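According to TrEMBL, the DNA-binding region annotation covers 33-52, 230-249. Taken from TrEMBL, the feature domain 'HTH tetR-type' covers 10-70, 207-267.
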Amino acid sequence: MSEGKRRAESSRRLKIATEAGQLFRQHGFANVAVADITRSVGVTAPALYRHFSSKEAVLAAAIETGLGAVEEVMADTAGQGIRSVLTALARVAVDRPDIWILIRRESAYLGEDGQQEVRNRFASFVASLRSLVAAERPELDDNDVDLVARAAVAAMAAPSQYPQRSRGTALSTVLADIAYDAVEVDLSASTAIAAPYSTASTPVTTTSRREQILVAAARLFAESGYDNVSLGAIGSAVDMSGPSIYHHFDSKAQILSTVLRRAVRRIDLDRERTQQEHGFTEASLTQSIQDYLALAATRYDLFRIFTSETMHLPAAEQVWIHEALKNYVSELVDLLVALRPSTSTGEAHARITAALSVINDLAESRRHRDSPETIGKIGHLAAVPLATPAG
């Protein structure tokens, strides 16, 4: 094969991997067919299979190319200081918004060997970033170094989890600033988060079979993922046969939809009460972020499903959940702009979504959720993007 043809083949392979990565991010690996990928890239199925043996191989390549870009940044910026590293990583986060969500959510579809490789490479990257944070902040203990490093990554991963209103250098600059501010934050100033208005620490005990199904399904969906939970598993959790569930719900998707509506209602209740008590004030912004974190800390089943399983709803059902999330973010963006008039809507959107992303990622750890002190620090780190920008 000539050098020119080899480059063309490599370019085509990369295009397939990156286009597929975006589809997997938006819709979930299980909901994307090979035909969707070929249509997006503009190739035939036989052309795709010349490069990849399966859809799983395409996913592996999407993750590989993204991780490769991250590792290249770490190598190229070695010795340049953490600010330079974060600036370069933020550019990767904007150029490849799929990579963080693919690692966090979709890598579960790889075989065990593939999953282990992704875990090892990501752990190596985080370890390198921790070393940089430790050098920058020698007064922090190991746990706080880890928390700060992960918060910086999570903030830059905002484009992976939420659509953005700004693009390119404008967006990457804001994300790099937020990540650096997270590295420099004074965690000793952290305090326990305020009690949420509507969240309860445990689901209400009930004798209603329908309610028992919802509680069990929420727990199982959060623990194992919607795709990996059968109606039979839900039935077993409540001492019912799988088919008996059809007396209460038409489908597993309807159960998911009902659980998601509850999660959204809890978030809406908190926002309504916060607005009533604090209006359009700094306290309202702070309380809103604390309420979101409190949901993660006290009802992680609902929180996990709200942040990671919405793509499994039928297309018609996805309309309302996307609208609910859009409205929630937009309200917070409008509030931040009102409080920081010099901040553009695009920057405010990046800052709000970065704050939410910090909570989404750091609250995944049960060790974090079970520690009131750590939850307080996560709340402090999530507030970093909302501070008045320097200058």
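Just so you know, glycine gets a Cβ as well, placed from its N, Cα and C.
A TrEMBL annotation is a machine prediction, not a hand-curated record.
These figures come from a predicted structure and were not determined experimentally.
For the domain 'HTH tetR-type' (207-267), the DSSP counts in helix, strand and coil order read 48 helix, 0 strand, 13 coil.
DSSP assignment over the DNA-binding region (33-52) gives 15 helix, 0 strand, 5 coil.
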